[in-house]
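Below is one structure, written out as structure tokens; the observations come after it.
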């Protein structure tokens, strides 16, 4: 098993990013309150943004001293993406995603301020068959590596990548590249869902991820706080073992 354990000065508790995949702000706030100090970093995505009052949620999270990752995968003409990123950076958000060509990624990076820009490589819900259906002639690893190299070249801070491809990134690209890995699933009782390229907490970090994003395994647990605490304990154990 590879060991590309991150040596970036990131507080261990911040390495777990909880995905607030919920239908409205009220439910999101209820879950945040329930999780308490078990989670310090939250991801807000399309579902919550479409529900309304999402910027009020972002401000509320920041007021509670939480870190915020806005995952909207900006993909529009470069001018529009640049302006959107600039507006978002004023909210004190920590990370945001972009999913486009070099010009789009460069516009985001140029207007980021203190915001960390993460380029999406290949969604964890896609596999090799899906790429073929989309017209790609390369394999998943080749596409992830190509997109990561281009993102770094135009000024992005990091990428979003399945933990399966992170060892390749660590072996081929500057170790300072920030890598956030979604698609985290438990070893046992792994649910059947739309995630196709998944890893465990331990695998993600040993493969070189700096952060992991966990949603359903915590959100849908009988006791979400206990599930989050268990994930945090796993992360502490990985870094303590080195």
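A Cβ is built for glycine as well, from the same backbone N, Cα and C atoms used for every other residue.
Proximity of residue 73 (active site, proton donor) to non-local residues of its own chain (separation of 6 or more, Cβ distance below 8 Å) is seen for 97, 98, 99, 120, given in sequence order. DSSP classifies residue 73 (active site, proton donor) as strand under the three-state reduction. The active site, proton donor feature in Swiss-Prot is assigned to 73; the stated evidence is sequence analysis.
Sequence-distant neighbours of residue 75 (substrate binding site): residues of the same chain at least 6 apart with a C-beta under 8 Å from its C-beta are 81, 98, 99, 100, 104. What Swiss-Prot records for 21, 43, 71-80, 124, 185, 195, 215-216 is substrate binding site, and it gives sequence analysis as the kind of evidence.
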(Q) With every protein chain in view, what's the tally of Cβ atoms within 10 Å of the Cβ of residue 21 (substrate binding site), excluding that atom itself? (A) 18
Q: Starting from the Cβ of residue 78 (substrate binding site), draw a 10 Å sphere and report how many other Cβ atoms land inside it.
A: 18
Q) If you draw a 10 Å sphere around the Cβ of residue 215 (substrate binding site), how many other Cβ atoms fall inside it, taking every protein chain shown into account? A) 19
